[in-house]
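Taken straight from Swiss-Prot:
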BINDING   C145, C148, C203, C206  Zn(2+) 1 binding site
BINDING   C162, C165, C188, C191  Zn(2+) 2 binding site
DOMAIN    6-70  domain 'J'
REPEAT    145-152  repeat 'CXXCXGXG motif'
REPEAT    162-169  repeat 'CXXCXGXG motif'
REPEAT    188-195  repeat 'CXXCXGXG motif'
REPEAT    203-210  repeat 'CXXCXGXG motif'
ZN_FING   132-215  zinc finger
Amino acid sequence: MKQKKDYYEVLELSRDAKLDDIKKAYRRLSKKYHPDVCKEANADAKFKEVQEAFDVLSNTNKRAQYDQMGHNFNNQGFNSDFQGFQSANFEEFEDLFSSFFGRRKSNRHQEDIKGEDHHIKLTISFMESVLGTQKTVTFNVKENCEKCDGTGAKTKNDIRICNVCKGNGYISYTQQGWFVSVFGKQICPECGGNKKIYFRPECKFCKGVGMVKSEHKVTLNIPAGVESGMRLKSPNQGHQGPSGAPNGDLYVDINVQPHKTFQRKGNDIFSSILINFYQAALGTIINVDTIHGNVQLKIPAGTQTDTKFRLKNKGVPYVNSPFSIGDHYVIVKIYTPQNLSNTQKKLFEQLEELEELNRKSKTNSSWF
């Protein structure tokens with residue numbers, strides 16, 4: 001019986017390789033030896049060998065057993081194998097085939113081959129993020145060349161049916177796992193999903209690519225409550241799909257500018273107000289700015305610095321749930337006056353004397 005090749009040698013890795021290195025090697029070699037791409041006679045065997053090596057080395061438990069026992073370790077355990085397959089391999093199948101064609105084309109949930117998705121970054125103000133807004137963005141997308149109808153050929157006589165996908169625009173694949181087989185369709189690497197290929201001369205407008213860049217303008221509805229790091233999706237606003245397939249989607253990464261007064265934590269707003277010592281001692285009513293407008297806040301007598309007051313439902317709406325709103329918290333800061341006049345100093349001295357008398361009175365009364 002033929003001795004199995006060392007799994008590290010199969011993936012062309014050292015024995016201290018990191019998981020990211022293992023994944024990169026798997027994608028590279030799987031792409032290289034995939035039967036639909038590689039024409040070598042033993043491509044199928046090498047492809048399975050790469051898959052087997054990855055299945056073991058990408059799983060922490062299996063790898064540890066393999067490092068100790070080599071090919072003698074038991075690779076048939078149900079619990080660990082099934083869990084490892086779901087957490088790593090199944091996702092890697094999708095990543096593998098997306099790497100073949102430069103973009104994700106998995107159709108486990110749909111049969112159509114879509115155009116590429118487009119990603120942009122959008123910076124908005126703090127108030128726009130908490131209240132919602134509309135933004136018009138302009139960007140370039142790839143569309144079928146009108147001159148050659150997306151074929152890339154100079155004339156229709158230069159076009160032939162693709163002999164790889166037989167005019168289907170996609171190729172089928174079957175990926176064997178330990179307990180499941182993955183079936184799917186991927187865009188044809190030969191014709192790029194156009195179902196046809198051309199022979200020179202090429203279209204002079206698109207240089208044989210079949211697609212040209214076109215300026216695209218979209219008005220986006222930004223919901224109230226978004227924050228930095230959120231990604232919004234605008235369906236069918238990405239690059240045009242091949243041969244009439246749906247467009248890709250537009251993904252918008254949100255960046256929110258900071259506000260000079262308000263700070264946001266989750267869906268709550270925090271701000272500070274400055275009052276003087278006699279307002280804190282006697283109590284007062286002050287006006288407070290919120291994202292929803294100006295409101296009055298009652299400051300009770302004897303308020304101390306850093307006291308926090310809650311304004312219910314004056315915070316940020318939850319995204320896609322406008323009836324759920326956070327709160328606004330107001331933190332009080334007490335101002336100590338400087339550069340006192342002689343009159344003010346005398347008044348403070350009188351207050352100090354009264355405070356001292358009051359303290360002594362309380363001390364004496366405690367003896368009875």
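Positions of Cβ are set from backbone N, Cα and C atoms, glycine also.
Locations of recorded Swiss-Prot features on the structure.
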residue	record	Cβ contacts under 8 Å, 6 or more apart
C145	Zn(2+) 1 binding site	G152, C203, F205, C206, V209, G210, M211, V212
C148	Zn(2+) 1 binding site	K154, C203, F205, C206, G210
C162	Zn(2+) 2 binding site	G169, C188, E190, C191, N194, K195, K196, I197
C165	Zn(2+) 2 binding site	I171, C188, E190, C191, K195
>> Per DSSP, what is the helix/strand/coil residue tally across the zinc finger (132-215)?
In response: 3 helix, 39 strand, 42 coil
> Cβ within 8 Å of the Zn(2+) 1 site's Cβ centroid: which residues qualify beyond C145, C148, C203, C206?
Replying inline: E146, K147, D149, G150, T151, G152, A153, E202, K204, F205, K207, G208, V209, G210, M211, V212
> Residues near the Zn(2+) 2 site, C162, C165, C188, C191 excluded, by Cβ within 8 Å of the Cβ center?
Replying inline: N163, V164, K166, G167, N168, G169, Y170, I171, P189, E190, G192, G193, N194, K195, K196, I197
> Which number gives the other C-beta atoms within 10 angstroms of the C-beta of C206 (Zn(2+) 1 binding site), all protein chains shown included?
Replying inline: 21
>> Three or more CB pairs closer than 8 Å, sequence separation of 6 or more: does that hold for the repeat 'CXXCXGXG motif' (162-169) against the repeat 'CXXCXGXG motif' (145-152)?
In response: no
>> Counting across all protein chains present, how many other Cβ atoms fall within 10 Å of the Cβ of C188 (Zn(2+) 2 binding site)?
In response: 24
> What's the most sparsely packed of the binding-site residues C191, C203, counting other C-beta atoms within 10 A?
Replying inline: C203
